[in-house]
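Undergrad: OK, Swiss-Prot features for this one:
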type	residues	note
SITE	N9	site 'Discriminates between blocked and unblocked aminoacyl-tRNA'
BINDING	F14, M64, N66, N112	tRNA binding site
ACT_SITE	H19	active site, proton acceptor
SITE	D91	site 'Stabilizes the basic form of H active site to accept a proton'
Amino acid sequence: MKCIVGLGNIGKRFEQTRHNIGFEVIDFMLEQNRFSLDKQKFKGAYTIERLAGEKVMFIEPMTMMNLSGEAVAPLMKYYDIDIEDLIVLYDDLDLPQGEIRLRQKGSAGGHNGMKSIIQMLGTDQFKRIRIGVDRPSNGMAIVDYVLQKFSNQEMETMNKVIEHSARAIEAYIESNRFDRVMNEYNGEIK
């Protein structure tokens, strides 16, 4: 079973913020396929569905961002999900807005949600989709910037990014070839 995790903070006030872009991709995929997060366990909201003939678990941690591993690790253990079947979607300040980067593995890169998952799983050897949100250009504090809602103009770009990220996940589920999907989907979304 594949496990797709979107990172974000719970609560209405965090919707459509830079830090919640992982949730936005999961929500988009759920809506497109008429699925819903109908289960809760181990601090995570989740569902298990069939997509492209594969069993897939979608997870949104119900913790704050920096405790995301407390939801992901126990759910993966409970359902006996292999680390190679995990993909985590999250915001990345080091990528320009409108760009995604798929990676087979890597460090947390300063992202506290990823730090928590890596710590709880005991490895950084899992797939991820980094979604560019850019860095603040006006000297704004990082914490304020990532918790700020996207402007309407930014949201137009991010809606394309959300859809592109969802297509990348679907392409991986269909092909089971992450290397090919990386080659096709990495980069700027036009």
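Cβ from N, Cα, C; glycine included.
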Undergrad: So which other residues, same chain and not among F14, M64, N66, N112, have a Cβ within 8 Å of the centroid of the Cβ atoms at the tRNA site?
TA: N9, H19, T63, M65, L67, S68, G113
Undergrad: Whole-number answer please: how many Å between the C-alpha atoms of N9 (site 'Discriminates between blocked and unblocked aminoacyl-tRNA') and N66 (tRNA binding site)?
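TA: About 9 Å separates the two Cα atoms.
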Undergrad: Work out how many Å separate M64 (tRNA binding site) and D91 (site 'Stabilizes the basic form of H active site to accept a proton') at their Cα atoms, rounded off.
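TA: With the alpha carbons as reference points, the distance is 14 Å.
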Undergrad: Taking only the Cα atoms, work out how far F14 (tRNA binding site) lies from D91 (site 'Stabilizes the basic form of H active site to accept a proton'), in Å, as a whole number.
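TA: D91 (site 'Stabilizes the basic form of H active site to accept a proton') has its Cα 13 Å from the Cα of F14 (tRNA binding site).
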Undergrad: Taking only the residues the record lists as binding tRNA, namely F14, M64, N66, N112, what is the largest Cα to Cα distance between any two of them, in Å to the nearest whole number?
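TA: Looking at F14, M64, N66, N112 as a set, their Cα atoms extend up to 16 Å apart.
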Undergrad: When you rank N66, D91, N112 by Cα distance to H19 (active site, proton acceptor), which of the recorded positions ends up on top as the closest?
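TA: So, spelling it out, the nearest of the recorded positions is D91.
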Undergrad: Looking at Cβ-Cβ distances, which residues of the chain lie under 8 angstroms from N112 (tRNA binding site) while being 6 or more apart from it?
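TA: Listed in sequence order: M65, N66.
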Undergrad: Need the DSSP three-state call for M64 (tRNA binding site) to compare against my parser.
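TA: SS state of M64 (tRNA binding site) = coil.
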Undergrad: If we count other C-beta atoms within 10 Å, could you say which of the recorded positions N9, N66 has the fewest?
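TA: Across N9, N66, these recorded positions, the one with fewest Cβ atoms within 10 Å is N66.
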Undergrad: Using DSSP and three states only, what is the residue listed as 'active site, proton acceptor'?
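TA: Assignment for the residue listed as 'active site, proton acceptor' reads helix.
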Undergrad: 10 Å Cβ neighbour count around D91 (site 'Stabilizes the basic form of H active site to accept a proton')?
TA: 24
Undergrad: Quick check on the recorded positions H19, M64: which one has the highest count of other Cβ atoms within 10 Å of its Cβ?
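TA: Result of the Cβ crowding comparison: H19.
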